[in-house]
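Report on the following structure.
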Amino acid sequence: MAFYKGTGTALRDGWTRHTLHPMRGYLFDLDGTLFRGNTPIPSAVKKVQELHRAGAIVRYVTNNSTQTREHFAAKLQGMGYPCEPAEVVSSGYGTGLFLANEGLKTAYVVGEPGLVATLAEHGIESTGDQNPDAVVVGLCRQFTYDLMREAMFRIRAGARFVATNPDATYPVEGGGLIPGAGSVVAAIQTCSETEPFVVGKPNPFLIQAALQEAGLAPEEALVVGDRLDTDIESGRSAGCPTFLVLTGVAASIPPGQQGGEDLSSLPW
Ligand SMILES: [Mg+2]
């Protein structure tokens, strides 16, 4: 095993100052943790490259449902992150996994083309049919009253209501916010009077999927993110140690929470 577990071998300066051992695996959030918009966070690129070189298992876990895994991998690679599409666990990917696990084969999708394509990877057919197995709702920047009404009809008729993620807002380049998937989900939840199953963080579903696919036990993987209420909460719920960074949403590290200014302060 290539990574630097154990004592007596100094693989980088200062290693012996730390008493904690490195982990077998690292599950990184994307936005606010590895990049901001289209701008990589340099200390994060350096750290993830180091961990990857040392043989650690790295997975990229995001609530973003609008793009395919290939798209996320290409974006991360372009920033210098070592990333293959199979190492990305997005909420769209998790939604496809959830539907397949539940035996749900067709879905009316309120979302973007990347979500439709990601569901298709799991054999889920997107349909305009009146009686789909599920209604899947994610971030949809073309959301209309008609889409809301069509989703409502189908959920009231018995289709399973599945939401990709609950985020109220979504950060865009320059520090601004746009309405997130959770806002679209809330509209459809209100008119259908039905609670969705929400796949994304803080539900531990994505973390558990990443652990299972990587062959990691919860205690072997560090969940790293910039939000306490989603990233850190999902990691805790899955039974993983967690690490909060201040490069995104969180402004301080609460007492008892492991964390640092950025990824350079990861003690492993
Ligand atoms: Mg984030």
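The first residue you see is number 1, and the count goes up from there.
Placed from the backbone N, Cα and C atoms, the Cβ positions cover glycine too.
TrEMBL does not curate its annotations; it predicts them automatically.
Since we're looking at a predicted model, the values are computed, not measured.
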Recorded Mg(2+) site member, picked from D226, D229, D262, that accompanies D29, D31 in TrEMBL: D226
Other C-beta atoms that fall within 10 angstroms of the C-beta of D31 (Mg(2+) binding site): 21
Rounded to an integer, what is the Cα-Cα distance in Å between K201 (substrate binding site) and D29 (Mg(2+) binding site)? 10
For D226 (Mg(2+) binding site), the three-state DSSP class is coil
